[in-house]
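Record features (TrEMBL):
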type	residues	note
COMPBIAS	1-17	compositional bias 'Basic and acidic residues'
DOMAIN	54-127	domain 'Pseudouridine synthase I TruA alpha/beta'
DOMAIN	205-241	domain 'Pseudouridine synthase I TruA alpha/beta'
DOMAIN	306-355	domain 'Pseudouridine synthase I TruA alpha/beta'
REGION	1-46	region 'Disordered'
């Protein structure tokens, strides 16, 4: 999904006082991050360096991203690590607020640091190098639970704001489809759907939801965004090889042959059905088939990567909703018309795009 500060869909929001007790997904959350831009606060002192920091974390280990009293949060843990690094409190501003259980492949925040000499208190030294910041903060983070890591650091001007300067935010949602119990390695990392999913029907439903709409039907009850009108630039469903399994050379070759057959037999042009959206695991031995796999080898689920509005798309994939139902739900502009919520454990904030100086 591509978003901008004025036309944003589906940010996962959270209570400022306690972690959410109800599973929420991006399909039902128009978050505060997507509100009309407010005037950014004044920048730090000229003797202070602002850093843009990209982080990854396992959302099920946190009560959301924003600071909350008496709860472990992403910002709280990160501020603690920075405090240990520089010896003074810091305030961290995130580009995107994620709810409890929601993961991040790359969330972004900014922090202002004034480097003070430890030998001569009060003496301000040149700013730390970017690599020094990353390594030092990760040192303290890994001494904690090891479920959050700094993956990149960039020096930016004092007026560069992680939230207000964000141009696009991309989310992914993982569904694992199949009757087998979910792998231990996938627990709390995806939504397990026992039914088989009709990926082509889900793709058709995506077309209805893309564009500039009133998304009141997909808005969370506690959402504080000023308007439900947003622009959804992209909504796709793709099937990918399920991890954490590692395909052999033979399996990869079989996968390539399946892709070639799908291209040859498809009645749709490439512009209508992108390669990334084609179902690639229908009964292929070694991926999801019923052939004997040998003792101790788990039968794999079909793995789908969906961008947002998961509850409705899943219902379309299982046949509980039709394409016309999706249009009806969108036009109803009421959250009561939408399908049940999907759990937050399958949602990932994938990327935040900036025009960096």
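Glycine residues also receive a Cβ, built from the backbone N, Cα and C atoms like all the rest.
The domain 'Pseudouridine synthase I TruA alpha/beta' (205-241) and the domain 'Pseudouridine synthase I TruA alpha/beta' (54-127) are not in contact, since fewer than 3 Cβ pairs between them lie under 8 Å (pairs 6 or more apart in sequence). For the domain 'Pseudouridine synthase I TruA alpha/beta' (205-241), the model gives a mean pLDDT of 80.
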